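A.B. asks: The domain 'Alpha-D-phosphohexomutase alpha/beta/alpha' annotation in TrEMBL covers 100-238, 274-375, 380-481.
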Amino acid sequence: MEGKVFEKFNVLQCCYHQNKQFKTRYQRETEPYTSALLPCPRGKLAWNLNSSLRAHTFTKHQITTAISKKTTFYCNAALSESATVPSLDKTDFLKLQNGSDIRGVAVAGVEGEPVSLHEPVTEAIAAAFGQWLLHKKKAESRRLRVSVGHDSRISAQTLLEAVSRGLGVSGLDVVQFGLASTPAMFNSTLTEDESFLCPADGAIMITASHLPYNRNGFKFFTSDGGLGKVDIKNILERAADIYKNVSDENLRKSQREKSSIKKVDYMAVYTSGLVKAVRRAAGDLEKPLEGFHIVVDAGNGAGGFFAAKVLEPLGAITSGSQFLEPDGMFPNHIPNPEDKSAIEAITKAVLDNKADLGIIFDTDVDRSAAVDSTGREFNRNRLIALLSAIILEEHPGTTIVTDSVTSDGLTSFIEKKLGGKHHRFKRGYKNVIDEAIRLNSVQEKSHLAIETSGHGALKENHWLDDGAYLMVKILNKMASARAAGKGSGSKVLTDLVEGLEEPGVALELRLKIDKNHPDLEGRDFREYGEKVLQHVANSIETNPDVQKAPVNFEGIRVSGFGGWFLLRLSLHDPVLPLNIEARSEDDANKLGLVVAMAVKDFNALDTSALSKLTHSS
């Protein structure tokens with residue numbers, strides 16, 4: 001049926017058998033998705049500029065979802081509405097940049113969200129990464145290879161095939177990992193084991209983190225780490241040129257290139273490394289977690305492996321673990337450790353099962369959080385405090401780098417109780433990690449870089465933000481404490497954060513900038529946002545009740561009324577996020593009033609959320 005247009009492909013009747021094994025298949029099998037090894041020659045880069053529409057081959061999981069949810073499927077999630085390959089320019093490609101990632105809409109059907117990650121676009125992006133990698137590596141004597149993995153999203157398999165085709169056009173060999181985690185993809189560029197086709201020269205993770213089911217995107221790695229904003233922009237500019245200039249002549253040339261596509265169960269290598277790390281910390285005990293009851297919530301993302309492939313080999317009991325099966329519709333809760341419903345779900349699982357510890361991951365496992373046996377969460381400032389305590393035991397006096405929205409109580413805890421140094425930097429996990437690397441380069445030792453979102457990276461782990469490895473550090477502490485007779489269970493962890501001052505009120509308001517408002521006078525919203533920040537800063541200078549932070553790297557941070565606020569410009573959106581922490585609602589209200597009075601004349605700024613706060617008491 002290749003080449004024919006299917007406007008909407010409704011799954012109405014199909015052979016279906018209830019497959020209970022599939023519900024736990026991530027735990028027991030190494031390849032949760034099955035597909036043809038070799039890609040068909042299709043797509044814009046391999047179809048002589050024709051559309052890459054084709055009928056989907058649905059997995060059992062997708063059929064199950066369709067029947068249970070009466071979902072409408074499209075024969076190609078990326079090009080479901082028209083057989084015409086869209087006309088795109090460089091600006092369209094650059095819109096896909098999201099900091100150091102690429103993100104877009106991959107599945108049609110959500111009103112107001114047109115598809116932007118078409119298969120031909122994906123092929124061009126992958127080919128551009130191939131070009132970029134060839135330029136960076138300057139390899140002449142050997143072929144380069146790129147590992148590719150994906151999370152549980154419903155568009156994953158389609159994009160995996162498109163990425164593989166694009167890499168092939170650039171003459172690179174492809175190693176498909178299937179369902180994988182983002183940290184594992186980076187790890188594959190460091191592993192030296194030819195039997196697993198490692199190390200890879202580059203790696204691509206197909207993911208959009210915790211975003212809704214219709215989104216997807218890409219993260220890129222080399223052995224130096226994740227690519228930065230400048231590299232992503234370069235790749236998108238290359239992709240736009242490839243998309244525009246592909247021709248019959250270079251198409252025939254690319255098809256003569258013999259690129260191989262192979263499949264490898266790399267997650268077995270990655271999980272083995274995590275198991276070894278815990279055993280090593282406990283004095284090489286085979287089952288250092290024996291008797292511990294630990295439940296895992298994977299949110300139907302890619303983290304289901306942690307229960308059966310990491311915890312159980314270490315002796316832990318994992319009954320009560322939930323949402324381990326991959327389901328790209330995310331039917332139970334948003335796979336986001338910061339989400340209230342997600343934390344409530346793992347907390348309930350811990351209490352219902354009388355577990356010692358609960359662990360929760362985001363979709364691609366580069367973020368995580370935990371819950372102790374009493375239901376108290378290790379998240380945001382508490383997670384940073386816990387990991388700071390562990391790291392400062394190992395590296396006394398080291399600098400802990402965090403993002404800009406961490407609390408004053410955390411600073412006091414790190415510096416006064418733990419004897420470390422707190423370096424509060426900018427939002428964005430790559431910003432935090434790069435700052436820690438920079439500090440080490442100027443002889444200021446730092447071993448931990450972590451965001452309140454749960455992105456945490458350790459120097460000992462190649463500065464990779466790895467949610468699973470963060471949990472391993474916590475498990476190491478539990479295992480080593482018991483082995484040394486210094487306590488048992490998660491109380492060991494809870495005791496480590498004793499003395500952390502926590503606010504009575506913590507909130508974030510989002511003050512949106514109307515990009516079309518006359519006050520902008522056609523200027524970029526960033527310029528308007530910076531003007532707002534400068535005006536707030538000036539107003540603080542004349543207010544005796546508050547004080548601007550002497551050292552601050554992002555926005556304006558102000559202390560007063562027993563709390564603080566941070567007003568900053570979003571990294572990507574026309575929004576000024578306002579974070580407030582205070583001892584009481586009344587104090588939070590007073591801080592909100594300071595901001596409200598300062599921004600009252602900026603008519604393009606939506607201050608309705610701020611007005612609601614200041615009029616609530």
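Every residue number used here counts from 1 along the chain in the order it is shown.
Positions of Cβ are set from backbone N, Cα and C atoms, glycine also.
Please treat TrEMBL annotations as automatic predictions, because they have not gone through curation.
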A.B. asks: Please list the DSSP helix, strand and coil residue counts for the domain 'Alpha-D-phosphohexomutase alpha/beta/alpha' (274-375).
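C.D. replies: DSSP composition of the domain 'Alpha-D-phosphohexomutase alpha/beta/alpha' (274-375): 32 helix, 18 strand, 52 coil.
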A.B. asks: Averaging the per-residue pLDDT over the domain 'Alpha-D-phosphohexomutase alpha/beta/alpha' (100-238), what integer do you get?
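C.D. replies: Across the domain 'Alpha-D-phosphohexomutase alpha/beta/alpha' (100-238), the average pLDDT comes out at 95.
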A.B. asks: What counts of helix, strand and coil residues does DSSP assign across the domain 'Alpha-D-phosphohexomutase alpha/beta/alpha' (380-481)?
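C.D. replies: Helix/strand/coil tally for the domain 'Alpha-D-phosphohexomutase alpha/beta/alpha' (380-481): 55 helix, 19 strand, 28 coil.
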A.B. asks: DSSP on the domain 'Alpha-D-phosphohexomutase alpha/beta/alpha' (100-238): how many residues come out helix, how many strand, how many coil?
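C.D. replies: For that range the per-state counts are 52 helix, 35 strand, 52 coil.
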